[in-house]
């Protein structure tokens, strides 16, 4: 007989066979199989357990499993190397206790060893067995009242689940296969037991090592921390009393998904907190979002601490306590999509944020893409202009040179979660993350449930209905299309629109749901300061303030009254906010616009606009902050002014281009031309290191290579044709417009912008060339070119309309009389006509000059010269 050794009883295979742990030294623990000497208990068998097999095992389990005990080996079977001996504590001997309860019997081959210390032990065992036999205990009594155990899985798992779902069932953990899968004996009644396989709900553990025990099986290595997770559960649950909650069937349809509750708590939470498992996303339907969220919180802490399977994870947690990242209140200024917003903080700073863990209808998805505008409109109506509470969840790093963006939880004042509201309505999907992802919404599982409910309820883009908005037309695409839409847009006096974009203080891009179209709109009767079109330009004073006020309308509902449309397809009229507030008056009252009447403006509105502007001037607000009212001039000064004769302005010029509409561009001969020649030479050297611009926009100052002479010129982009990769560029030193490929356009360095554009735009005074529709149009342009191009001319400025001068052109070699001017020569040659009186308002009328021109015109008419050859062609004047 060996000495007693202190050990820990790990597992009771039966009433008399155990797995024990013996500590060999400070670090090494040996596990071995050990059986009680001299006795045997009823056996568990595949074909059916012997009576009282469970009772014997349960008796031993309750007494010694999980507890320290003294173990002494009495003998060893040579063939199996199994040790047999005694297990005892300070209170009892296990074999003797089993015999006394009738749960074991002496082995037939066991005999007394007279004269040895074992003899007295054997005698005590015999006495214990005699006691059980005398009182007919256990196996010595009737066997009709024993436990019946069903070892096979339930024949109908779904029916079994339905019968026991929601109940708390007592049981014992029999075996542990992986960290997240156990075999449990359920106590359906005191004498009716059922063995089932339970997968832990809410957690997925790495696979442990598996050793094949038959040819049909395949051994496998553990996943990282797989054996550690299994051992974690073994030490806490193996042959322990637990409470089981069945929740659902496992995917295999045979085993069950459930909670395994130890007196210390749910084992799943302990696995997650130790980093030995990850949250199983697909268990949300069984557990519900509240439980899943609590599990994710536990998992997140393990990730941050890099425990277990998260040891090597790359975790980037934002400093939520940082001042710039704290929760803040803001107003929604723009809804870009159902997952991206722009909000304005209380300090006026606007920032772009994304709603955590959701995605708007994807353009690449054929089923989702048609609902993009409908989804955005749903959210816009709910939150635009409203105050919200923003909480940072995580920061998503920027990609493709884009900045990082804050992913946040946004709540309305009543506590409504915006992301949850959108997903419930079927206008966004929930992002599926990788299992090692830390960054996700704190209500991620609620979002998953909401998405599932929206799909089942056929809401939003899951409805299968036709999208509310499709095939939207751009009514301002061209002048022709805008005029086609004018009557339909004017049919409703106040047309309901949505302000899609703000171009300037008085210019907007609107969307009309009723007419299913977009269009450009400008406030009639006012002008606002011009904003800078690019970084190289400088806006007019108070342009930003005017634009800022106009942006308060962005994505808000408004009403517009359409009055007319201009030649660029922009509709003109009045815009009203809050149904009755004219926005033009608001701009005028704050000194951010000035009056500019129009022909059809009513006297009432004209007076109202001017009175509002006058009040702003008097209050010195906005652009009128330094306004000084004009003083009344003395009578003598007025008289002198009346008698003063205006000196005519003469310019030495050279024509640089003749446009198709009869206007022409000229350069003033002087220092400007000399500076331009130097600049053109420098541009030629810049061509050697030419690099096309990556981004080309309308209004951009550029250096462009002309296709006519392959030279480089300064210019301004007028129109971009993205489809053909070309742009219409005004070469503003010469006045010509060319279509130039993007590959021949580069940004213009600031050093080349100091010299102002050298070309001036002009038209001939008193006369007009035939229109492009005339058969004589090309002939007239050719004659004009022969008379004026490549010659030093003198231009007498007669007036101007905007930036277009009205001039009389003289060729010094022809003479200085008016009858010798190019204007008169064109009329005499029948290549131009005297303009009607209604078109002479932009320059001073010279009666003598007009008489000369009319004489030339009458002579050409009578002699059938030029376009008078077949009679009177002047019907085009009307």
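Even glycines carry a Cβ here, placed using N, Cα and C.
Small disclaimer: the values here were computed from a predicted structure and weren't measured.
Of the candidates 316, 504, 665, Swiss-Prot marks one as phosphoserine, and that one is 316. According to DSSP, the secondary structure content of the domain 'TNase-like 4' (493-626) in residues is 36 helix, 45 strand, 53 coil. For the domain 'Tudor' (695-755), DSSP puts the residue distribution at 6 helix, 30 strand, 25 coil. For the domain 'TNase-like 2' (167-312), the number of residues in each DSSP class (helix H, G, I; strand E, B; coil) is 46 helix, 53 strand, 47 coil.
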